Amino acid sequence: KLKQRRRKKTRIAKKLESLRNPRVCRVKMDSGDVVEGPLEADWSCITDDDVMQQHDAIQAEEANKIPFVGDKEPLSTLAAEYETGLQILREKIELLGETYGEIRRTRGDGNCFFRSFMFSYLEHILETQDKAEVEHVLKNIEQCRKTLLDLGYQEFTFEDFFQLFIDQLESVLPGSESSTSIDTLLEKSRDQLVSNYIVMFLRFVTAGEIRRRAEFFEPFIVGVSSSSSVEQFCKTSVEPMGEESDHVHIIALSDALGVPIRVMYLDRSSCDPNKREVNYHEFIPGNRL
């Protein structure tokens, strides 16, 4: 019995010692995030920026598992995902099926709006072979180029992005030297260099339009976002890769290129409680004054 008591005391002592000197240390940062690491680590040099970088790295790793632009999927796959979800969401998916037969998913890396617009527009031109639309957009692209130069942007900072998009746009028309198919278009849209270049083209176009019409956009930016000016908003929330888009970005891009955009909202909201409907917003290009 004496030996058993001694062994028990030894186990308790070891347990208490492990609590006093744990192998894993948990540190709560100013941001509220909790970081774990070995006790030997020098936690004095860990900052909130380090935590955010670790968080971003994890998000990036997860995002990389999804292609920039996905294959077409029937809406039934979306319905299956929400089979046990809220009834209003299931009803909206059913309503979407009355107008749209398929969906494409895009990587949720903060650039999803621009990638969605990019592929959807090029796919539309490829299917319709609308030469007049291409000529219309090319004229607006040239105006966007002049806008950026007038605003003080150096041409070398955006020229490659513009040229790549123009090449992609012209390649989806018949008779072009680099005529493409839907499979080739999808392959190019999944290429990191091509996809990111076109996203940057769209970001420059959007930033240029916002800054060109600063007086119009200012009420939607200053006092609403964390930016103190339209210029700062463009530098921090429009031009950098990975920054998410909202209605300001969509309005600016639609107006700059002269391309209408419809956004369907698959959420819990309903404009009319007595009527089943999918809320949407149509962004119709205004005059480029």
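Numbers here mean position along the shown chain, with the first residue as 1.
Placed from the backbone N, Cα and C atoms, the Cβ positions cover glycine too.
Look at TrEMBL and you will find 101-289 tagged as domain 'OTU'.
In the three-state DSSP scheme, Ile251 (site 'Interacts with free ubiquitin') is classed as helix. Look at TrEMBL and you will find Ile251 (among others) tagged as site 'Interacts with free ubiquitin'.
Tyr265 (site 'Interacts with free ubiquitin') is surrounded by 12 other CB atoms, counting those within 10 A of its CB over all protein chains shown. Residues annotated as site 'Interacts with free ubiquitin' in TrEMBL: Tyr265 (among others).
In the three-state DSSP assignment, the secondary structure recorded for Asp267 (site 'Interacts with free ubiquitin') is coil. Among the features that TrEMBL reports, site 'Interacts with free ubiquitin' is placed at Asp267 (among others).
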(request) Measuring Cα to Cα, tell me the gap between Tyr265 (site 'Interacts with free ubiquitin') and Ile251 (site 'Interacts with free ubiquitin') in whole angstrom. (result) 16
(message) Restricting to the chain of Asp267 (site 'Interacts with free ubiquitin') and a gap of 6 or more, list residues whose Cβ falls under 8 Å of its Cβ, or answer none.
(response) Leu89, Asn279
(request) Please report the number of other Cβ atoms within 10 Å of the Cβ of Ile251 (site 'Interacts with free ubiquitin'). (result) 22
